[in-house]
Amino acid sequence: MSDAATPAVTCAGAPADWQNPLRDKRDKRMPRIAGPCGVVIFGVTGDLATKKLMPAIYDLANRGLLPPTFALIGFARRDWKDQDFGDIVLTAVKAHARTPFRQEVWDRLAEGIRFVEGAFDDDAAFGRLADTLKKLDAERGTGGNHAFYLSIPPKAFPQVLEQLSTSGLATKPDGCWSRVVIEKPFGHNLKSAEELNTLVNSVFPESSVFRIDHYLGKETVQNILALRFANQLFDPIWNAHYVDHVQITMAEDIGLGGRGGYYDGVGAARDVIQNHLLQLLALTAMEEPVNFSPDELQAEKIKVLSATRLVAPLDDNTSRGQYTAGWQGNEQAVGLLEEEGFSQTSTTETYAAITLDVDTRRWAGVPFYLRTGKRLGRRVTEIALVFKRAPHLPFDDTMTDELGKNALVIRVQPDEGITLRFGSKVPGHAMEVRDVNMDFSYGSAFAEDSPEAYERLILDVLLGEPSLFPVNQEVELAWKILDPALENWASHGKPEPYESGGWGPESAFEMLRRSGREWRRP
Ligand code: BG6
């Protein structure tokens, strides 16, 4: 606990919150700069901290978006001094930052770097953490404002939350803030997510809880809102009258070697469908919010997730697979069961596909197909609205042999942009119609680089802007949608094998074929 000699907390410069009407009147094109604050990272030795969090903090500093008094505090069971931790951060920054290295930016950031050695069950270590933060408040001017980033295994959440509560770090005097940032997985089913939410909310009010879904920080994901609600062109056709079905694909070419500790027993559906893909569905299918305040945006997402359910029978309308050895381009890949860190009898799925109905007037009868997988042919994330065929084609069949269905594709990554696919006459004397693509690409349309998702999200935490963070109800609804598929798969034993470098198990193809549809080949 803090000792009597530690200077008193001085609350200063906490940014106004979203309820402040003046804030909404400001010009949102102006750069948003965080007020005085510090970030404490639990789990600094992990991959996420090294590859994403520490580099994102440097990138924010480099872009002038952090206060000069900013502090970064690492907490871990390592025998490190502040300087040792500083060296670790520097190495991570040099290896993974998005923006160029600038010595003067680094020097200023390094002055605010501290390290606290301790285990999560060590009360004294949390006392030392409280002391360190108080000293930083007084000496560096962090203003009594602290974000606690839990980049740790979920089983450690309860212990750390309790320590933050008993050490007094979770509650702050008026004018100061204390926020908690939680990485996924947020529970492993509805019941555990509800329990975790109850626990989190017993320590931090919901307005101070920032659950990370890094897909919501991606530029192209935010562009779904611009595309849908800033244009007149798309809304009239964004419904069951025109859309045949929607495909949301998140394909990765990487395997899981070394990630067994996290992934084995979790699987593709819990890893990304429960969060990233259902969030993409919510943004694609929701109604227009009254405005873009966090409450209004969340209200629409909650409404559409409440109307979303798996299509029965589950055996026909879901699919799961596990990759086996194969060729990924010209590299030979081993199967999951040979990967380091996985049990030889693992039944963890590395591919999952589900069919959903959204029971609203806009989407009645339009299936939403979601799929994700590791070791697939190519890395691509996209949302494709596939349209119905024209009701009448005044051409001979031979003229339209090569005409598919029109499609509007939001290319989330890589090659971020939007593609419109439609039929066009092939040049020549004959009337022959074939599919062509019209492309918008971020890279050629804009000179600006997009910030990394974690840059945007960390800055939003420091500004207290919650729009891009799923609230408790969203997380629970997503589990409620997915749970029946997880339970059904659990009763079936092993997932279906699929070859590395391919596009998933046969049952996934069959899932669409049954209704005369097929997956897009990205
Ligand atoms: C994470 C998943 O949330 O997203 C990983 O846990 C996945 O399994 C990653 O590889 C993909 O993120 P991105 O931004 O590279 O698409």
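We number each residue from 1, going along the chain as drawn.
Just so it is clear, glycine is given a Cβ too, placed from its N, Cα and C backbone atoms.
Not measured: the values here are computed from a predicted model.
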Region 'Disordered' according to TrEMBL, located in which of 1-24, 97-120, 193-216, 217-240: 1-24
His214, Lys218, Glu252, Asp271 show up in TrEMBL as binding substrate; which entry in Lys134, Lys135, Lys155, Lys374 does that record put in the same site? Lys374
Identify which of the following binding-site residues, namely Lys218, Asp271, Lys374, place a Cβ less than 6 Å away from any atom of ligand 1, and list them by sequence position. Asp271
For Lys184 (NADP(+) binding site), the nonlocal same-chain Cβ neighbours (under 8 Å, six or more residues apart) come out as Arg211, Ile212, Asp213, Asn275
Relative to the Cβ of Lys374 (substrate binding site), which residues of the same chain, six or more apart in sequence, are found under 8 Å away? Glu252, Ile254, Gly255, Leu256, Ala268, Tyr323, Thr350, Tyr351
How far apart, in Å, are the two Cα atoms that lie farthest from each other among His214, Lys218, Glu252, Asp271, Lys374, the residues recorded as binding substrate? 20
Where His276 (active site, proton acceptor) and Arg77 (NADP(+) binding site) are concerned, what is their Cα separation in Å, rounded? 31
In this structure, the one of the recorded positions Arg77, His214, Lys218, His276 whose CB has the fewest other CB atoms within 10 Å is Arg77
Reported mean pLDDT - the domain 'Glucose-6-phosphate dehydrogenase NAD-binding' (40-223): 96
Least buried of the binding-site residues Glu252, Asp271, going by other Cβ atoms within 10 Å? Glu252
